[in-house]
Structures are given as structure tokens and as C-alpha cells.
Amino acid sequence: MNAHSDAVAAVAPDDGIAPGELLMDVRNVSLRFGGVKAITDISFDVRKGEIRAIIGPNGAGKTSMLNVINGFYTPQEGTITFRGKQRRAMKPHHAVRQGIARTFQNVALFKGMSTLDNIMAGRSVLMKRNLFWQMLWHGPALQEEIAHRRVVEEIIDFLEIQHIRRTPVGKLPYGLQKRVELGRALAMEPSLLLLDEPMAGMNLEEKEDMSRFIIEVNRQRGTTIALIEHDMGVVMDLSDRVVVLDYGKKIADGPPEAVKSNQQVIDAYLGVAH
Amino acid sequence: MDFLNSILVKPFADMAAAPDFLLQVLWEGIVSGVLYALIALGFVLIYKSSRIFNFAQGIMVVFAALTLVGLHEKGVPALLAVPLTLVVMFILAVGIERVVLRPLVNQPDIILFMATIGITLFLVGFGEIIFGGENKVMITEQLYIPTGSFEFEPFGGFVSIEQKDLTAVIGAGLLVIALLVFLNRSKMGRAIRALGDDHQAALSVGISLSTIWVLVWFISGIIALATGIVWGARAGVSFALEVIAFKALPVLMLGGLESVSGAIIGGLMIGILEKLFEIYWGQPLLGGNTETWFAFVFALFVLLFRPQGLFGERIIERV
């Protein structure tokens, strides 16, 4: 039981990488769909403990990049090294095992299930007891279920969604759905948390709440975060370093202030006469 | 007036006049209802987890029954032939996942549906090459399924319950209970339901698409074997059995494609209603043989009033 409460205290598991060291290294990754180039020769890295933003105009390849990282897409060229292990082709469930969790631009939740069950689903990879005990709903499996349940309740408290614990998520307003989705990703105790437009479609108050959660996850739990976001104010406030993509190519990489004043970035966002 | 009387009054008067016969009719209805429910369950499982309408479910019943009987003909003892048939169904599930489903991931539903028609044609041909096309007899006795019958005399009348029907009903009941416990209690079961709810979300929490697909096709294979044994015991094993699978369609319309309990209740309902209709309305008024179409007309009628079926999942959508 103690092992589990310890796991809660350090939700980002100890993966043997010191803060500030290389967690993920993306090298020369290219992704094509037939003749369409989604990503061309992109390299960047993510360091342990930082908040890394990926920005760029619509269609720049940001979501494709996330999909490559969590295994939805397999790039034609390039390598990704995560926690010191290089890989090319992998399935999403392998990525999950390695400690990569994510949320989606358009919210992908189990709409018919309650908030609690959705977040519980995030624990499924961490459940170990065999089928036999699970079916009997007894013994070690029950113990394990209770331990997981405790972690989930802590996440629910943290995200301030106690009041919707039993509500089917399909009925929730969009802002709360986004929060549940973040909860499910946190329940996976990821080394790297990928957030695809966590503030999209939110009002100011909801954005402030979400920013607070992201910062707290990062500071208190030490979780490394890579996020895509369109709200520049948010990006500049939250992130430690920013990668800028445009038409599938990297055009800038660095701290927020440097990126903000980069002429190529300004051109990409405001458009420029060619 | 006479006409209304023959529709609205006389059938019920007949039922009341011979309650023992009514019991017999109800029992027959339950037995076929259980079989419809079993086939419908096979469809529901695959649809729930992958949104594929599995056209091959019917032929899987035939193929499983043929394999069982065929193995026995080749000299394998009956009790060994059952686990061997399960192995064959597992290999079939793995094969379907590798060869058909995996390359078609992310294709529109209609393409996957067409692919299951392909699987059907393949299994028809493959089954005929291996086991021949002639009708076979189910190895009921070798499997120790009792063949006598229980006789009762309620209300001073006479009701006979065949032991093999009783075995079928009990066996199907146990299978369904095991399935429900598995779906609701186990991690894999949750994964199956999660996958049906949202593919992307399921993948992102670490559920493996291939594992789940093999699993549901294998479970459908187990259900197919159970159906094949029971149905084969009543009607013999032939490719004509495949057609019976289409009886599951009205059950699915009633029960909804994603509801396990819907499939069970829908199956029983159709089984009982079509028997009652045949005996009390069909034979006296329409010259009989109404069982071939009653279920479809009934389902159509229900759909007029409840397009999501009787037990279909309510779709919650925010705009």
C-alpha cells in the first residue's frame, strides 16, 4: 500500500534522469502522407522538468509532431530517443508504457463513462493483477483497485472536479472535459506529458485555471510537459523554451523572448509579401 | 366483426383454454430466442469494440460446427475436438486481425464491412475444401449432451421439454454470465468497452488495438462454436445454417448494436413472439410459416417508434 502512496507523491516516476538533462531527442524527423509533406527534417529536444511549447500557424505540423511522438504516426525518416532509448516505429501502447501520456485537441474521452471511470482508465496500464482475480473482484485485485482509486481521488481533488465525479463526461461543458482529459493523462504518471491545445475553446477564467494546473503539475510533481498552444500570452508565460514550426519546418527554437522577436516567426504569423 | 374477433379475442381465448400448450409454445420460443441472442451477442461484441458490422458471424457458426464435426470424423475424440476447435477459432481470429483488419485500420466503416463479406466468402470456400459440402450430423451424443426429454403435466395437460434444449438454454445462460462478468469486471473487458467508446482515447491510455481485436474475434468464435453445437444438434450441420444468422438482424435492430443486455432480451423477445404469433395468429389466419418474416416486420414496426432500438445506447451529444 505504501508503495502506491509514494507513487502519488512523485507522480512523475523517477526515470533516472536529473532535471535539466535530455529526456527526449527528436532528430531529423520527416513525415509524409503520400505526396504531402507534413513534417520536414525537424530536430528538437525536450529536457527533464521543463515546459516545452510547440507553436506555429494552422497546418504547421504541430499535431502531426505530437502524433509521431506518441506513436500514432511512424515517421519515414529520422529518430526519436526517449529516456536514452532510440526508436523509430512504435505503437501508441508502447509509448504509453515508456511513460508518454497525452491529451487531444478535440478532447478524446470515453463519453459514456463517468469522470471517475475515465480517469481510472488512465491507470489501466499500471494494473498488474491477473484476469482470474479481476473476475472474482476479490483478493489482490480488489486491494490494487483500492490503491489506484486513491491515486485517482487525489487527482480529482487536485483538478477541483469533485462535484462531477459521477457525471458522464459527455454531459460536461467543454472546459471541464478538457480538465478530465488532463486528469486521465496525469493518472498515467507520465515522464512526458503531451498537451494538444489545452486551452482551445476556453474562456478567460477557464484558461487561468488550466494554466495554474499545468504550472502546478510541472513545479510540484516535476512532470515534463510538451504543449501545443495558440494563445501566445499563455505560451510566453508558461513555457521555458519554444519551438516554432511553419509549413512542416522548424523556423525557430529558444526561450520565449528570443522567439517573440525573431523576424521569421513574426513573418510566419503575420504573413509576408513574397 | 368476425375478423376482429379472430384477431383480438380468439387467440387469447385459445391460450386460456389450453395453458399447457401455451407453456409448450413459450418454451419453444425461449429455446430459439436463446439461440438468436447468442448470434446477436457475437455481432454486438465485435461492433462494440470496432464499429464493424461483422457479416461473417453466420459463417463463423457454420465453420466452427464444421470444424468440430470434421475433426471428429477424422478420428479425434469428441471431448478433444472441442478444445481443438477453439484453437482453430483462435488462429482464425489472429489471422483475421493480421491479414484483414490491421491493414484496414482507419478506413471507413463500410470498407471494413465489405472486408467481412470477403471473410465470409473465404470461409465458405475454405470450409468446403477441407470438410466437404455435404450435410453432417452434430456429434451430440459423443459430447454427452442428453437426448431424452422431461415431461410435465401442469394444468392437467402435457408439456415436454427436450433435454438437449434444456442443456442449450443452461449452457447459453452460463456463457452469457461469464461474458458479462468478463466485460464488466476485468481490465480487458473495460478495454473493450473503452475502445468502442473512443478509439483515440483508448489508444492514448495504452490499450493495444491488435490485442483487443484478436480477443473479441476469438470470443465471437467461442460464441459461434456454442451456437453451432446447439443449432447443429437441432438442424444438422450445413452451410444453410449461415442463413439463420440473419435472424439476428431484427434482434440487433431491437436490442441496439452495442448493448449486450439488449441482444439477450431482444433475442428472447423475438424468439417468444414469433412462436406465439405463428401458433395463434399465423397458422389459423395466414396459413402458417410466418416465422420466416415475423421478426423482420416486428423490428420494422418497433423502429418506426424507436429508431435507436429498444435498448440502444442513448447518444449524448453537446452542440
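Numbering starts at 1 and runs along the chain as it is shown here.
Glycine residues also receive a Cβ, built from the backbone N, Cα and C atoms like all the rest.
Taken straight from TrEMBL:
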| type | residues | note |
| --- | --- | --- |
| TRANSMEM | B:25-45 | transmembrane segment |
| TRANSMEM | B:52-72 | transmembrane segment |
| TRANSMEM | B:78-101 | transmembrane segment |
| TRANSMEM | B:110-131 | transmembrane segment |
| TRANSMEM | B:166-184 | transmembrane segment |
| TRANSMEM | B:205-231 | transmembrane segment |
| TRANSMEM | B:251-273 | transmembrane segment |
| TRANSMEM | B:285-305 | transmembrane segment |
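When Cβ-Cβ distances under 8 Å to the transmembrane segment (B:251-273) are tallied for each of B:25-45, B:52-72, B:110-131, B:205-231, B:285-305, the top count falls to B:25-45. Here the transmembrane segment (B:110-131) sits apart from the transmembrane segment (B:166-184); fewer than 3 CB pairs are under 8 Å, leaving out pairs fewer than 6 apart in sequence. Beyond the transmembrane segment (B:285-305), the same-chain residues lying 6 or more positions past its ends with a Cβ under 8 Å from any Cβ of the stretch are 6-7, 247, 249-251, 253-254, 270, 273-275, 277-278.
Against the transmembrane segment (B:166-184), the recorded stretches B:25-45, B:52-72, B:78-101, B:205-231 differ in Cβ pairs under 8 Å, and the greatest number is found for B:25-45. With a cut-off of 8 Å between Cβ atoms, the residues of this chain six or more beyond the transmembrane segment (B:78-101) that come close are 50, 52, 60, 63-64, 67-68, 71-72, 112, 115, 118-119, 139, 142-143, 210, 213-215, 217-218, 220-222, 224-225.
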